[in-house]
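Database features (TrEMBL):
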type	residues	note
COMPBIAS	12-22	compositional bias 'Low complexity'
DOMAIN	191-334	domain 'ATPase AAA-type core'
DOMAIN	339-443	domain 'Ribulose bisphosphate carboxylase/oxygenase activase AAA helical'
REGION	1-87	region 'Disordered'
Amino acid sequence: MKDLSGTTWEIGRGAAQRGARATPASFTSGPARQRGACCSWRGDGTHVEPASQHEQQAAAANGGRPPRVSFRQPKAKPSSWAAKEAGGGRHADADYLFELGASQQYNINVSHGQTAGMIDSLFVGDRLGHSADIADGSLRTYEFRTFNNIQGDYYIAPRFLEKVAMHIAKNFLMDSGSFDPSTKVPLILGIWGGKGQGKTFQTELCFKKLGVEPVIMSAGELEHEWAGTPGKMIRERYRRAAEVSKVHGKLSCLMINDLDAGIGHFENTQITVNNQMVVGTLMNICDNPKQVSVGQGWAETDIIKRIPIIVTGNDFSTVFAPLVRDGRMDKYYWHPTEEDLVAILHQMYRDDGLSEGDMATLLRTFPNQTLDFFGALRASTYDQQIRDWIKKDVVHGEIAEENENMRELGRRLLAQEGLPQFEPVDLTLAMLLEEGRRLVQEQEMVNSMRLSDEYLKKQRKMGRSMIGLSG
């Protein structure tokens, strides 16, 4: 039909019957007009595009009838957050976020993005295993001591090295099945002896010589404000040493320095819950070193490597007796002989041109002194050089309260500005003897003055206890 302007309008087959608007004939092509697939307008005024070539072919295959146009929204794809929790979860139809908030054993950290038991089922693969090490790098970075900071050639007592090497070898051989399973190899090596005899340093030298990368703990970590934390820390570090030893192929062990200072029973000291937990943890690890739980669900298949434990202390008689018994702890009393002391001191002062005879004279002059005493002699030889540097280059005068340049020393030390490089002092036996006598005099002053007797007078009997006074 035509309108007043002369434009010819056509209505497709069936369109007039459905109430569709007419469209100009120029908007349609010849073949489309013949098949009735011209453009049309919906009742709301929206335009309907003509059928594509693919749709036209489909219509021809369907007997000439064009496919019906669907105006429904496409079906939304399921969200990954709505996926079922791997393993079924604790609640029916619970998704990942619900389980994450409802379970008290979850921690909000990166481990949830890499463990099959904590990530939703859409993201769990089968190529990297259940623990894929995606984010936290637990199998790559580790907090172990390599002792690269120990520079120089130090003397290692042969008896000491043999004891440490034997203990490490026996435990790793036990783990590999070289012994009969009924054989009881002690897991702990307890190295004890007098103060300042070099127990810790000799052990570190042995580790460096043997290529051992240990986990180091101190007595200060055996107490915590929350009960049970030190015991859990020991189990975690033991498992850490076992895991990284297996992954990196390095000899490893757990070393605890000054064990008796942390869990020893002394007069007038309080025994805490953590003391008992640490002792119980160590005893449990000794009895079953290949199954150590850190709070997760117990699994029979959770088997770790057997890792030796080495502890140091001064007096193990203060430690709970069942822990130090034979079968759990192999005890080694370290008391260096005069031959060991001469060899250690000669290695310390060898570059200064001092002979072993000089070291023997030094030892006989100061008997009953520890190795720390002779190490302090070495450090005190720089005192005069430091004193001269402060007077000449820093404060330009005497070290006295009246000197207005004393603040310059603190500024330089903090800014690390203009600091010198001191040259080693040309030591002689006479210099060491003189400095040794000064240190002995300071020791005697501490022992003889005993100012604590003046400041802390023993409390006299006052008729009643001063504890629990009521207001």
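Backbone N, Cα and C define each Cβ position, glycine as well.
Bear in mind that TrEMBL entries carry predicted annotations, made automatically and left uncurated.
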For the domain 'Ribulose bisphosphate carboxylase/oxygenase activase AAA helical' (339-443), mean pLDDT (0 to 100): 87
Structural state census, the domain 'ATPase AAA-type core' (191-334) (DSSP three-state): 63 helix, 20 strand, 61 coil
Tally of residues which DSSP labels helix, strand or coil - the domain 'Ribulose bisphosphate carboxylase/oxygenase activase AAA helical' (339-443): 70 helix, 0 strand, 35 coil
